[in-house]
């Protein structure tokens with residue numbers, strides 16, 4: 001009897017943390033999806049309807065508000081800060097800031113279809129880098145499910161493909177910096193035993209700084225408008241504030257999801273957000289929706305289901 005009780009106790013001690021971890025992952029995934037879809041809708045209203053085109057500068061404001069929010073949370077003892085080597089934090093922050101700039105430049109120099117292909121390429125490049133440098137193994141079933149997912153998202157979102165040399169180079173740089181940045185987000189948390197909050201808190205100022213400097217220049221080059229000469233109406237300011245507040249959850253959940261799962265899983269989640277945004281655009285904003293969009297979304301969802309099933313086999 002005593003041995004049976006001890007076995008039951010040991011089993012319960014194993015199961016409880018596992019259940020807690022799974023709930024934490026589900027919570028992180030839900031927060032990431034909800035906040036990302038919300039900010040896409042908010043930013044679409046801000047940029048398309050209200051005519052505020054300064055995406056890179058807006059991202060720098062997002063990161064600064066995120067840092068200020070985490071600083072207040074730290075001062076109120078909501079989390080304990082853990083010092084990370086300054087060189088690591090600076091390089092990591094600059095890399096992530098640069099990747100955002102390259103993604104925006106890629107969008108500016110390429111057709112929307114080619115930009116979507118750039119985002120699709122992040123998953124296979126991440127798999128390649130993790131296999132080569134981290135010796136991570138991906139089963140054939142996982143690779144097949146990712147292939148199905150990418151085909152589905154491609155069908156749903158990729159339309160025209162127009163190539164040019166500068167745009168292609170910028171896309172390759174965007175893919176490389178994004179992949180390395182997301183892999184480091186996961187690796188730093190695990191190897192240095194820091195939380196997603198601690199890493200974001202220390203790196204956000206450097207991400208914001210690089211975009212504060214480059215953002216207005218990038219935006220002016222892409223839009224032929226000056227962010228400092230823009231006339232800010234009250235409604236534009238309201239949407240900018242809303243966007244910055246939602247971005248706190250977006251940035252926090254991004255680091256949380258990558259830390260708790262993997263860069264590839266985060267990218268899979270990102271394509272789920274793409275499908276949801278397409279769906280919301282059709283139902284709420286009455287965006288054009290074709291049979292191709294529907295087929296693509298269904299194929300993508302099937303790929304996501306296969307990925308989830310094979311991930312936990």
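Our numbering is plain: 1 for the first residue shown, then up by one each step along the chain.
From the backbone N, Cα and C atoms, a Cβ is placed for every residue, glycine too.
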Fill in the blank from the handout: Which range of 146-163, 200-217 is transmembrane segment in TrEMBL? It is 146-163
Completion exercise
Long-range Cβ contacts under 8 Å made by the transmembrane segment (230-252), restricted to residues 6 or more beyond its ends, are 31-32, 34-36, 38-39, 42-43, 45-46, 50, 52, 54, 58-59, 61-63, 65-66, 69-70, 196-197, 200, 204
